[in-house]
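A.B. asks: Sharing a structure below in C-alpha cells format, with a few things to ask.
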Amino acid sequence: MKTLLLTLVVVTIMCLDLGYTTKCYVTPDVTSQTCPDGQNICYTETWCDAWCGSRGKRVNLGCAATCPKVNPGVDIICCSTDNCNPFPKRS
C-alpha cells in the first residue's frame, strides 16, 4: 500500500509540473525567451504601415497574460505552448 501511495504522489508531482513557465519568441531579436510569471500566452501581432507594399507587414512577437486587444487593421494570433509564435513567413 505504501508503494502505491508513493507512486501516486510521484505521478501527481510530475503531472502538475509545478513552476512551469511558457517560452515565446520575442521581438525585436526574434529570440525564444522565458515569459515572466503570469504571462502564459504567446502572441503574434501583424499590421501594415505606409511601406507595407514594399517590405511586408510589421510584426510584433511577445508574451502576455491575456491575448492582446484586437484593433482595426491589426491581426493578432495567440497560443499557449512553448515557442508557438514563430516569425511569420512572407507570402
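Positions of Cβ are set from backbone N, Cα and C atoms, glycine also.
Note that the coordinates shown come from a computational prediction; the quantities given were computed from them, not determined experimentally.
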A.B. asks: C63 pairs with which of C35, C84 in a disulfide, per Swiss-Prot?
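C.D. replies: Swiss-Prot lists the disulfide between C63 and C35.
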A.B. asks: Could you check the disulfide-bonded residues C52, C78, C84 and say which one's CB has the fewest neighbouring CB atoms inside 10 Å?
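C.D. replies: C52, out of the disulfide-bonded residues C52, C78, C84, has the fewest neighbouring Cβ atoms within 10 Å.
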A.B. asks: Per 10 Å Cβ neighbour count, which of the disulfide-bonded residues C35, C42, C48 ranks highest?
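C.D. replies: The residue with the densest Cβ neighbourhood is C42.
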A.B. asks: Taking every protein chain in this structure into account, which of the disulfide-bonded residues C24, C67 has the most other Cβ atoms within 10 Å of its Cβ?
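C.D. replies: Within the set of disulfide-bonded residues, the most crowded position is C24.
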